[in-house]
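S.K.: Input: one structure, supplied below.
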Amino acid sequence: MTNIRKTHPLIKIINHSFIDLPAPSNISAWWNFGSLLGICLIIQILTGLFLAMHYTSDTMTAFSSVTHICRDVNYGWLIRYMHANGASMFFICLFLHVGRGLYYGSYTYFETWNIGVILLFAVMATAFMGYVLPWGQMSFWGATVITNLLSAIPYIGTTLVEWIWGGFSVDKATLTRFFAFHFILPFIITALVMVHLLFLHETGSNNPSGLISDSDKIPFHPYYTIKDILGILLLILVLMILVLFSPDLLGDPDNYTPANPLSTPPHIKPEWYFLFAYAILRSIPNKLGGVLALVLSILILMLFPILHMSKQRSMMFRPLSQCMFWILVADLFTLTWIGGQPVEYPFIIIGQLASILYFMIILLILPAISLFENKLLKW
């Protein structure tokens, strides 16, 4: 009798994806972040579901319902802070996952890569709408500022913003629809993740060398299942240290003040994981230009397969490209820092220089260095 694992219509899909999957023998810990993102998504959906059981999406009661969750619901504080800090862990894993893809040339699987970029957009949209739900000061003003950016779109801008708001300002209708979208999007993300994996399993995983690994494959289980479990334990450890020791470390104290349309906080800023994009947005004095730069700062990831000029896939054997990659990482850290600073000298000019450098490295410097490295191969 054949093993049910290999014959059952449903179980065999799981088998081909997680058990008998041939995987390269040399993939490093940088390949753990895919599974960690899956765990983050599961944690977020589960904690979010339990929060939704007690949350009310009404401007009058939203803030107090979150307070009620933290004070009166059994372990409500734990669920709430796991959800809030789970989002931070999600983005840490996302950035590392994307960085791994850039460093090792994984973007040459362009269907997998492009679905990944769409996933990044979807997760960012979900996180933004989730931040609005507690209806604190930063929730309200963050929603006002970011949705207002759409008014920069010529001709239809103002109408579009009022349509999204469901009125003439961010109000009850906005909060209700943001809750609805925040609830549904993670399930759309889950479906996209399955498509992401489907395309990945068409080609198999990349590996640190960037070379074809067909001649040296090992089964996913037990080798990478145990490796993933170690990664998951470390992720949960870091998350729980954050949740139990300093749950508000990454939050904004302004969000503990109920939303008040009549008083603007001195510094409106998003959560830390959007600060790099926010800095790029602010570095351009023109509204439409800023919005375009904001969108392009993420959309530019889709250009990497086209901009790949090197004869080698991975950066493992390309020291000049490696150096430029780490300068890009440092530039993103700089942008993140600038995004959280007030709009004044010297932060404005630092932000503008960092924004120019960001686009220059990706569009000009990395491809040019790749071509130079191709020449070096002939020496």
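Cβ coordinates come from backbone N, Cα and C, glycine included.
I grabbed these lines from Swiss-Prot:
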TRANSMEM  33-53  transmembrane segment
TRANSMEM  77-98  transmembrane segment
BINDING   H83, H182  heme b b562 binding site
BINDING   H97, H196  heme b b566 binding site
TRANSMEM  113-133  transmembrane segment
TRANSMEM  178-198  transmembrane segment
BINDING   H201  ubiquinone binding site
TRANSMEM  226-246  transmembrane segment
TRANSMEM  288-308  transmembrane segment
TRANSMEM  320-340  transmembrane segment
TRANSMEM  347-367  transmembrane segment
S.K.: Check each residue in the chain of the residue listed as 'ubiquinone binding site' that is at least six apart in sequence and keep those whose C-beta is under 8 Å from its C-beta; list them in sequence order.
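M.R.: Same-chain residues close to the residue listed as 'ubiquinone binding site' (Cβ under 8 Å, separated by 6 or more) are H16, S17, L21.
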S.K.: May I ask for the distance between H83 (heme b b562 binding site) and H97 (heme b b566 binding site), taken between their Cα atoms and rounded to an integer number of Å?
M.R.: 20
S.K.: Counting Cβ pairs under 8 Å to the transmembrane segment (178-198), which of 33-53, 77-98, 113-133, 226-246 comes out on top?
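M.R.: Stretch with the highest Cβ contact count: 113-133.
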S.K.: Give residue numbers and ranges for long-range contacts of the transmembrane segment (226-246): same chain, 6 or more residues beyond its ends, CB-CB under 8 A.
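M.R.: 29, 32-33, 35-36, 39-40, 43, 78, 81-82, 85-86, 88-89, 93.
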S.K.: Just how many other Cβ atoms lie inside 10 Å of the Cβ on H182 (heme b b562 binding site)?
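M.R.: Within a 10 Å radius of the Cβ of H182 (heme b b562 binding site) lie 21 other Cβ atoms.
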S.K.: So for H83 (heme b b562 binding site), how many other CB atoms are inside 10 Å of its CB?
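M.R.: For H83 (heme b b562 binding site), the count of other Cβ atoms within 10 Å is 21.
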S.K.: Rounded to an integer, what is the Cα-Cα distance in Å between H196 (heme b b566 binding site) and H182 (heme b b562 binding site)?
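M.R.: So the alpha carbons of H196 (heme b b566 binding site) and H182 (heme b b562 binding site) sit roughly 21 Å from each other.
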S.K.: Other than its own, how many Cβ atoms are within 10 Å of the Cβ belonging to H97 (heme b b566 binding site)?
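M.R.: Other Cβ atoms found within 10 Å: 20.
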